[in-house]
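Here's what TrEMBL has on this protein:
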{"type": "SIGNAL", "residues": "1-27", "note": "signal peptide"}
{"type": "TRANSMEM", "residues": "128-151", "note": "transmembrane segment"}
{"type": "TRANSMEM", "residues": "163-183", "note": "transmembrane segment"}
{"type": "TRANSMEM", "residues": "203-221", "note": "transmembrane segment"}
{"type": "TRANSMEM", "residues": "228-248", "note": "transmembrane segment"}
{"type": "TRANSMEM", "residues": "254-273", "note": "transmembrane segment"}
{"type": "TRANSMEM", "residues": "285-301", "note": "transmembrane segment"}
{"type": "TRANSMEM", "residues": "313-331", "note": "transmembrane segment"}
Amino acid sequence: MRIFQMSICTRVIFLAAIFFLVGRLNASIGDSNPLYRSCLEQCEETGCIGNRCFQDCPSSDVGSSNGSQSIQKPCYMQLIQWDCRSECRYHCMLERERDNEMLGLGPVKYHGKWPFRRVLWIQEPMSVVFSVCNLGMHLLGWISFCSLLYSKLPLRPKDRKPYYEYSLLWHAYAILAMNSWFWSAVFHARDMDLTEKLDYSSVVALLGFSLIVAILRAFSVRDEASRVMVAAPLIAFVTTHILYLNFYKFDYGLNMKVCVSMGVAQLLIWAVWGGLSRHPSRGKLLVVVVGTALAMLLEIYDFPPYKGFVDAHALWHATTIPLTYLWWGFIKDDAQFRTSNLMKKVK
Ligand SMILES: [Zn+2]
């Protein structure tokens, strides 16, 4: 199989993606347990687990009238589909996990996911926190990039625009990256069809665009016509793929192949360019490339959430926060480097 001909880096990323996507598919050990199944069946029928009843279940009023504790929740929660089925799944899972713990057994997955403890109806609180931190880090990086471009570096006298030829590309990249982390936070807060599609589509758009930026920067493509020739087929491909996922078939396997190919391609482009070029900031670039590949190992050693909160995936999102800081550091250094080179030519 072709995987054996790949480099170690490619293999790591390929395996990471497989584990990441398999982790999101449905059937797992936890939900095939007969005790879990019977708890679910009973809960959906009676609306209660023990003396805890859920208001969305058809028979939950029976439970509350005979002295059981009925779970009241804010009405906006109905919008994000915390219905009878999801409440039953969550509480049956907690019950099974309590029993497992007493028997000295470790946590198992339910419906493709580790047993997370929710906070204020947020499913994976730590992944949400780290996604928001990533978003914040991109925002800070982008603001600092803009302040460097427009108030610290010289501007072209005729149109007051930056000398740096890749500034517009990085602005678009920043917006796509923040959009992607926003939907990542939403998806980890509540995993539904819509939030999953928005998260996956945003990641595809970001990966596609960052591949275009990698090609344009590494090959110093500066004139408009050549940029269009590089970008147009990639934009067409990414758009078709997003439309296919959303309106034809949500194919995890195909999406994995597309994302891995685009991710590996750009990491290789940056790694080779960083290794060959005499860019003053190539050290930062290589740390980001190697760091990103290593961070993906966390997806391979997919461990359950510690105390129901921090799992490997959440930690993976945590590791990209300092990498994002370094990444914007590299982008700012590149802007400074290119501007000073262009200024020398102007003089
Ligand atoms: Zn995530």
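The count begins at 1 with the first shown residue.
Glycine is no exception: its Cβ is also placed from the backbone N, Cα and C atoms.
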Contact call for the transmembrane segment (203-221) against the transmembrane segment (128-151), three or more Cβ pairs under 8 Å: no
Among the ranges 163-183, 285-301, 313-331, the one whose Cβ pairs under 8 Å to the transmembrane segment (128-151) are most numerous: 313-331
Positions on the same chain near the transmembrane segment (313-331), where near means CB under 8 A and six or more residues out: 20, 23, 124, 126-127, 130-131, 133-134, 137-138, 140-142, 144-145, 170, 184, 281, 284-285, 287-288, 291-292, 295-296, 298-299, 302, 305
Chain residues outside the transmembrane segment (163-183) and at least six past its termini with a C-beta under 8 angstroms from it: 131-132, 134-135, 138-139, 141-142, 145-146, 149, 153-156, 195, 198-199, 201-203, 205-206, 209-210, 212-213, 216-217, 222, 331, 334-335, 338-339, 342-343
